[in-house]
């Protein structure tokens, strides 16, 4: 008896939420009974959303007269801007879209990781080196590196051991993802839902569609923020909050232009 499984009619998940109904059983030829989730398609997001469809908000940039035909507003944060034609090929577009979402999420986590330790340290909470690009160097100190300043958690003394653990753990996860490992009841690898949505944020299709847009917006800002943190670390040797405090204390002498002029030849 074939399982009553409904396939999604669209390759995207933008503007839609998928709800899992109760499990249905399938009897295989060897007499075993397997269980799988039955997928039903929920009501799509309203077509009046300003973020989706042909009438969505657009930013075409200075070199584009109109949005290309392949950018239809089907996906979140599609503003119709693709002057270089990076999304013209559907397979490349799908890959780049996945990479952007992944990098957005990493950047948002990274930005928090750069700011919060310094914020805690400035408010009297000590847990080791607070400046993000200096924290890892503590492993070369005589006492090694204590995660969160607590030797009872992880006490690291070998950079090679840390590197090996990072390669094994992250490599295994990335390899599993790239190979398209079985995702169980997951419908969309970018927005898996189910156990990955304990707060039920995806239950309302319209709210979920808007949350996708907010995620990409904040993720793009986070990627720019991380780039700024990298440049600040190289130029000033300080953390983001210390740079901000210096700028607020003396904005005339502590700004991007004043630091840039330090690299002028002959100065």
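Every residue gets a Cβ built from N, Cα and C, even glycine.
Now, the feature entries from Swiss-Prot:
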type	residues	note
TRANSIT	1-35	transit peptide
REGION	21-47	region 'Disordered'
MOD_RES	36	N2-acetylarginine
MOD_RES	38	phosphothreonine
BINDING	59	chlorophyll b 1 binding site
BINDING	81, 87, 100, 220	chlorophyll a 1 binding site
TRANSMEM	101-121	transmembrane segment
BINDING	103	chlorophyll a 2 binding site
BINDING	105, 154, 183	chlorophyll b 2 binding site
BINDING	138, 148, 215	chlorophyll a 3 binding site
TRANSMEM	153-173	transmembrane segment
BINDING	158, 174	chlorophyll b 3 binding site
BINDING	166, 177	chlorophyll b 4 binding site
BINDING	166, 263	chlorophyll b 5 binding site
BINDING	214, 232	chlorophyll a 5 binding site
BINDING	218	chlorophyll a 4 binding site
TRANSMEM	221-241	transmembrane segment
BINDING	247, 256	chlorophyll a 6 binding site
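Features as recorded by Swiss-Prot, highlighted on the structure.
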residue	record	Cβ within 10 Å
59	chlorophyll b 1 binding site	9
87	chlorophyll a 1 binding site	18
100	chlorophyll a 1 binding site	16
138	chlorophyll a 3 binding site	15
154	chlorophyll b 2 binding site	13
166	chlorophyll b 4 binding site	10
215	chlorophyll a 3 binding site	17
218	chlorophyll a 4 binding site	16
220	chlorophyll a 1 binding site	15
232	chlorophyll a 5 binding site	20
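When Cα-Cα distances from residue 218 (chlorophyll a 4 binding site) are compared across the binding-site residues 81, 87, 105, 154, 166, the shortest belongs to 105. Outside the transmembrane segment (101-121), and at least 6 residues removed from its termini, the chain residues within Cβ reach (under 8 Å) are 127, 130-132, 135, 190, 215-216, 218-220, 222-223, 225-226, 229, 239-242. Within the set of binding-site residues 138, 154, 158, 214, the entry lying nearest in space to residue 87 (chlorophyll a 1 binding site) is 214 (CA atoms).
Spanning the residues 81, 87, 100, 220 that the record associates with binding chlorophyll a 1, the maximal Cα-Cα distance equals 17 Å. According to DSSP, residue 87 (chlorophyll a 1 binding site) is assigned to coil rather than to any helix or strand.
Taking the C-alpha atom of residue 166 (chlorophyll b 4 binding site) as reference, the shortest distance to any of the binding-site residues 105, 138, 158, 214, 256 belongs to 158.
Other residues of the same chain near the chlorophyll a 1 site, with their Cβ within 8 Å of the Cβ centroid of 81, 87, 100, 220, are 77, 78, 79, 82, 86, 96, 216.
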